[in-house]
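For reference, TrEMBL has these:
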type     : residues                               : note
DOMAIN   : 11-206                                 : domain 'Succinylglutamate desuccinylase/Aspartoacylase catalytic'
BINDING  : H21, E24, H116                         : Zn(2+) binding site
BINDING  : R63, E178, Y288                        : N-acetyl-L-aspartate binding site
BINDING  : N70, R71, Y164, A165, T166, A167, R168 : substrate binding site
ACT_SITE : E178                                   : active site, proton donor/acceptor
DOMAIN   : 219-299                                : domain 'AstE/AspA barrel-sandwich hybrid'
Amino acid sequence: MTSCHVIEDPIKKVAIFGGTHGNELTGVFLVKHWLENGTEIQRTGLEVKPFITNPRAVKKRTRYIDCDLNRVFDPENLGKKMSKDLPYEVTRAQEINHLFGPKDNEDSYDIIFDLHNTTSNMGCTLILEDSRNDFLIQMFHYIKISLAPVPCYVYLIEHPSLKYATARSIARYPVGIEVGPQPQGVLRADILDQMRKMIKHALDFIHNFNEGKEFPPCAIEVYKIMEKVDYPRNENGDIAAIIHPNLQDQDWKPLHPGDPVFLTLDGQIIPLGGDGTVYPVFVNEAAYYEKREAFAKTTKLTLNAKSIRSSVH
């Protein structure tokens, strides 16, 4: 057992967040169902808490009220003095941190699954924040194997400037789940089924881990963020070109230098620059127009995990 990377404690507390963005309805729908009847998410010896993260935005069916809740879980915002002048989402982030954190504290929840939808053609996506986390690499490997032949992609957002302060980051093990394509404010049965299965497999993995099962060394393919690409703009700052038809819906597919990326109204094609192949994600995501992001460039790499088991036995 010398090669085994032993995780000392079993997982005890898990939260499932829905409605971090109020118009991404699959997570909202599932969490509301599980609040009424949580039988399918219960596992022996595990506390699983479904939670609506941004209830005001959910009620209005909008992404957020004052600012993006999934960007304000940083020390500055979490440490701000409570006042009526704070944006709603900052106040809400402090409440969530109190309930499920505090962030970077041993009392915080072990795992938070944060359920999201994208308008981009990204299929089943798991979002990883730390490339050295053996436990999450093992979990993602288990989910990918369990979902096969349906593909499940892993998006690694570990980056010195592009990583953002997510709601799930207050947990020891943060897991983003992103399923699309689905329009904002809409429910699709196929997307809901995929997300529901991702949670089932994740909870099964935790249960097996808690029961003392050893998971042997594994490797997963991930797509690591390199750069965010804005739309071409005119002198007024308005969008001057749109996603080229050849790129639309081609998330995760290789994009080579010279390939069409944008198209102007007068038919001019703007190709990909640079000297290497990239893999685009969040292509033409509706929520990212305000963030000035047409797509993100990623590079493909392999992450390895040591074998793991809990110390329960």
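Placed from the backbone N, Cα and C atoms, the Cβ positions cover glycine too.
What you see is a predicted model, and the numbers here were worked out from it, not measured in a lab.
Distances between the Cα of A167 (substrate binding site) and those of the binding-site residues E24, R63, H116, E178, Y288 are shortest for H116. Spacing of A165 (substrate binding site) relative to H21 (Zn(2+) binding site) is 14 Å (Cα to Cα, whole number).
Each residue in the domain 'AstE/AspA barrel-sandwich hybrid' (219-299) gets a DSSP state, and the totals come to 3 helix, 34 strand, 44 coil. Counting only same-chain residues at least 6 apart in sequence, those with a Cβ under 8 Å from the Cβ of R168 (substrate binding site) are F17, I112, F113, D114, P174, V175, G176. Note on proximity: of the binding-site residues R63, R71, T166, E178, Y288, the one nearest E24 (Zn(2+) binding site) is R63, by Cα distance. Note on the binding-site residues A165, A167: the fewest other CB atoms within 10 A surround the CB of A165. Each of the binding-site residues H21, R63, R71, H116 was assessed for Cβ neighbours inside 10 Å, and the highest tally belongs to H21. Residue pair Y288 (N-acetyl-L-aspartate binding site) / N70 (substrate binding site) shows a Cα separation of 13 Å. For R63 (N-acetyl-L-aspartate binding site) paired with H21 (Zn(2+) binding site), the C-alpha to C-alpha distance reads 4 Å.
Measuring Cα to Cα from E178 (N-acetyl-L-aspartate binding site), the binding-site residues that fall within 10 Å are H116, out of H21, N70, H116. Shown are the binding-site residues E24, E178; of these, the residue with the fewest other Cβ atoms within 10 Å is E178. A straight line from the CA of T166 (substrate binding site) to the CA of H116 (Zn(2+) binding site) spans 12 Å. Those same-chain residues not listed among R63, E178, Y288 yet with C-beta within 8 angstroms of the centroid of the N-acetyl-L-aspartate site C-beta atoms are H21, E24, H116, N117, T118, T119, F282, E285, A286, A287.
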